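Q: Quick one: structure below, then a few questions.
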Amino acid sequence: MSLKTRRHRCAKWGVAQLRTLCGGGLPGHQSSALLSTNKHGCAQVSSESRESIVGTYAVKRKELIPEASPPSDHDLRDLYRFVEESQNLVVVTGAGISTESGIPDYRSPNGAYSSGFKPITHQEFLRTAATRRRYWARSYAGWRQFMAAEPGPTHRALAQLESKGRVMRIITQNVDRLHHRAGSTNAIELHGTTHRVFCLGCGELTDRHKFQQRVCDLNPDWAAAVEALEKGEPGSDASFGMKQRPDGDIEIDSRFFQEDFLVPACEQCGGVLKPDVVFFGDNVPKARAEEAMELVMSSDAVLAVGSSLTVMSVFRLIRAAIERGSPVGIVNIGPTRADELASLKIEARSGEVLSRLLTMGSLAI
C-alpha cells in the first residue's frame, strides 16, 4: 500500500473511527472539540483540550506511587550520617524513583507486574518481524508519555547533592533519562536509554525523535490514534486499550493493533532497529558494566534508591561493594535482594526522604 493510499485511508479512519471509539471523551468535553485533523489528514487531540488532558493524567500519576509511612527522624539522622561520612558516594537508582514522575515501576504493589504484564525479552524481539512490529507500535505510543514526564523530587535532590560534591556519580537502571533532565551531568545508564535507537546490523545510533518522525510518516493512522491516547482511562477503549510500562513500552489491546504497521529500517544499512535499551534476557554491554564496577570499587559507600536490586546487573555492584567493605544504604518501599547486607534501610518514599535530607546540617540547600 502506498503512503498516499495509507494517508487517504487515515483521513477516513482517523476522525470517524477515533470519535466512535473515544465516545464522549473527557467529562465536560465533546469528541468534536477534542479532535482536529493534522497535516497527514489524521485525527489528533486539539490544542485547546490538551491542558485538561494533562491535568487528568496528573491525578493518575499519584496512583503509581506505593503507600508508605513518612521517614522517622531516626531514619533521617542515620541517612544524614551515612552521606556526611562518605567522601566518594555512589548512588544506584531504580524504577521506584520515577513513579513520582508518572512512570510505573515493575515490582511494587501498583507496578506493571501486578497487572500480569511481562516485558518483551531480547530473544522475542529478535525472533520475528511481527513481534518487532507490535513492539514498535507500542513503543511509539509509550515514548510520548515518557517525554511528558518531568524529573521528580528524587531526581532533583540527587542532582543537588551531586552539584554540592556529596554524590560522586549516579548509576541508574532507568531508561527515561530523567536524571539528565534534572541536572545530573554524568549518570551511567546501565540498561541504556529509550532516547536512542540502535541498528543491530551496523551499530548506527539514531536520535529517537528522528525515529519517531519516521514512524509517524509511515503510519499516519496509528500516529493519529496515539494523539488520542490521553483522552481515556488507561486500558479503556477510549485509550485504545493502552497502558504505560516502565521501559517506555505500552500494552495494546489486540482489537486496536494493525498488522500492516510499518517499521523503519536503518538508513545506513537497511538493518533491524531496536531501542538502545538492554531488554530482559540480554546482557549489559561489557564496557558499560566494567565502568559501573570500577566506579563502585573506587567509592567508599553505595546508596541504592528506588530499586529492589533484583536483577543481577545491579545486585553484583552491591555485592562487590559489600565484599570490598564499603557500607551500603537502601531507600526503597518494600523488600530488596540486599536487605540483609545493608547497614541502613529506610522504607519510605525516596522523594520525601531525600528532600528532607537536603534540609539537614551541612547538606542544607
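Easy rule for this one: first residue shown is 1, then count along the chain.
The backbone N, Cα and C atoms fix where each Cβ goes, and this holds for glycine too.
Per TrEMBL, the features are:
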DOMAIN    69-365  domain 'Deacetylase sirtuin-type'
BINDING   GLN173, ASN174, VAL175, ASP176, GLY306, SER307, SER308, ASN332, ILE333, GLY334, SER350  NAD(+) binding site
ACT_SITE  HIS191  active site, proton acceptor
BINDING   CYS199, CYS202, CYS266, CYS269  Zn(2+) binding site
Q: Distance between the residue listed as 'active site, proton acceptor' and GLN173 (NAD(+) binding site) at the Cα atoms, whole Å?
A: 5
Q: Look at each of the binding-site residues, CYS266, ILE333, and point out the one with the fewest other Cβ atoms around it within 10 Å.
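A: Sparsest of the binding-site residues CYS266, ILE333 by Cβ contacts within 10 Å: CYS266.
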Q: Find the average pLDDT over the domain 'Deacetylase sirtuin-type' (69-365) in the predicted model and report it.
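A: That stretch averages a pLDDT of 88.
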Q: Do me a favour and check the Cα-Cα span between ILE333 (NAD(+) binding site) and CYS199 (Zn(2+) binding site); whole Å is fine.
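A: It is 37 Å, counting Cα to Cα.
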Q: Nearest to VAL175 (NAD(+) binding site) by Cα distance: which of the binding-site residues CYS199, CYS266, CYS269 is it?
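A: Going through CYS199, CYS266, CYS269 one by one, the Cα closest to that of VAL175 (NAD(+) binding site) is CYS199.
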Q: Taking 8 Å from the centroid of the Cβ atoms of CYS199, CYS202, CYS266, CYS269 as the cut-off, which other residues in that chain fall inside it around the Zn(2+) site?
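A: What remains near the Cβ centre is LEU200, GLY201, GLY203, GLU204, ALA265, GLU267, GLN268, GLY270, GLY271, LEU273.
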Q: Between C-alpha atoms, which of these binding-site residues comes nearest to CYS269 (Zn(2+) binding site): GLN173, GLY306, SER350?
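A: Answer for the nearest of the binding-site residues: GLN173.
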Q: GLY306 (NAD(+) binding site) has how many other Cβ neighbours within 10 Å of its own Cβ?
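A: Step by step: centre on the Cβ of GLY306 (NAD(+) binding site), count other Cβ atoms within 10 Å, giving 27.
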Q: Mind checking which of VAL175, CYS199, CYS269 has the fewest other CB atoms within 10 A of its CB? They're the binding-site residues.
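A: Lowest Cβ count within 10 Å among the binding-site residues (VAL175, CYS199, CYS269) is CYS269.
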